[in-house]
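Enquirer: Below: one structure in structure tokens.
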Amino acid sequence: MEEEEQYIDPSKNDVYCGIQIISEIIPPNNFGKGGLYLGRVHMVEREKQIQQMKIGAILSIIDTPVEIHPKRKIKHKFIQMEDEPEKDLSKFFDEANKFISDNLLHTNVFVHCQMGISRSSTIVIAYLMKQRKQNFQTTLEYVRSKRDCVDPNAGFQEQLKKWGQKLQLK
């Protein structure tokens, strides 16, 4: 017997193994622009939920490829990256920002890593810093207000601070 998939409301703190599966960072609006969601890899397996939330693009920042069934008609970008402080995730900031920006124009976007704590949050923070013209600390606090487990590793935090300098954010 197939187990029924439970709907997870991203506006609530539904958890799996103590960590939220998905969090709404930017809500979708009534003008056709999509919402931005951040979370764990487990969300990718929840086909019904992906459809219900109208997620049309997924950005995976993880060390092993994630299978997205071609029948799902979801745009998918995979960035292979380990969650280690010495890894350079910043070299993907522009590419990831473009993927998020382009897709938010018409659909909801889900950004994930394994746990939705370090790699994916780093990408979401880099995106918001550029879009909102806010520094690292302000953006980190905002994202943590939406997903309290967010904690980019020390190396990624340094890369985000340098990103802020490159963007000339104070």
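Backbone N, Cα and C atoms are what each Cβ position is placed from, and that goes for glycine too.
Just so you know, TrEMBL annotations never went through curation; they're auto-generated.
I grabbed these lines from TrEMBL:
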DOMAIN    27-169  domain 'Tyrosine-protein phosphatase'
DOMAIN    90-147  domain 'Tyrosine specific protein phosphatases'
Enquirer: For the domain 'Tyrosine-protein phosphatase' (27-169), what does DSSP give as the number of helix, strand and coil residues?
Expert: 67 helix, 25 strand, 51 coil
Enquirer: Could you pull the average pLDDT for the domain 'Tyrosine-protein phosphatase' (27-169)?
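Expert: Taking every residue of the domain 'Tyrosine-protein phosphatase' (27-169) together, the mean pLDDT is 93.
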